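Trainee: What follows is a single structure, and I will ask about it in a moment.
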Amino acid sequence: MSLTVKCPTCQAPVTWSADSEFKPFCSERCKLIDLGDWASEKNVIPVKSEFDPEMLDQLGYDEADFFLDENPFKDDKNQ
């Protein structure tokens with residue numbers, strides 16, 4: 001018995017087998033539509049932001065400090 005799945009793009013039935021060239025998609029067109037959605041960021045993988053604006057407050061900086069001409073973290077070695 002073969003497994004049948006729905007095409008993620010158009011919901012058409014797709015038989016999951018070795019000769020299904022575009023699985024899980026039904027066609028190259030649907031595959032490219034999906035790729036375009038990822039490339040244009042319509043599809044994204046949700047992640048928790050590692051940047052916490054409140055952390056700046058704890059360090060004694062505000063966001064404007066990061067746009068100054070002088071880098072407060074610069075040392076003589078990095079010039």
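Glycine too: its Cβ is placed from the backbone N, Cα and C atoms.
Pasting the feature list from Swiss-Prot:
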{"type": "BINDING", "residues": "CYS7, CYS10, CYS26, CYS30", "note": "Zn(2+) binding site"}
Trainee: Within 10 angstroms of the C-beta of CYS10 (Zn(2+) binding site), what count of other C-beta atoms is obtained when all protein chains are considered?
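Mentor: Total other Cβ atoms inside 10 Å, all chains included: 13.
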Trainee: Would you identify the secondary structure of CYS7 (Zn(2+) binding site) according to DSSP, in three states?
Mentor: coil
Trainee: If you count Cβ atoms within 10 Å of the Cβ of CYS26 (Zn(2+) binding site), leaving out that atom itself, what do you get?
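Mentor: Neighbour count, Cβ to Cβ under the 10 Å cut-off: 21.
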Trainee: For the recorded Zn(2+) site formed by CYS7, CYS10, CYS26, CYS30, name the remaining residues of the chain with Cβ within 8 Å of the site's Cβ center, in chain order.
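Mentor: Nearby residues not in the site list: PRO8, THR9, GLN11, ALA12, VAL14, PHE25, SER27, ARG29.
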Trainee: Looking only at DSSP and grouping its letters into three states, which state does CYS30 (Zn(2+) binding site) belong to?
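Mentor: Going by the DSSP assignment, CYS30 (Zn(2+) binding site) falls within a helical segment, counted as helix.
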Trainee: What count of other C-beta atoms do you get within 10 angstroms of the C-beta of CYS30 (Zn(2+) binding site), across all chains shown?
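Mentor: Step by step: centre on the Cβ of CYS30 (Zn(2+) binding site), count other Cβ atoms within 10 Å, giving 19.
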Trainee: As a test of the contact definition, list every same-chain residue at least 6 positions from CYS7 (Zn(2+) binding site) whose Cβ is closer than 8 Å to its Cβ.
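Mentor: Same-chain residues close to CYS7 (Zn(2+) binding site) (Cβ under 8 Å, separated by 6 or more) are PRO13, VAL14, PRO24, PHE25, CYS26, SER27, CYS30.
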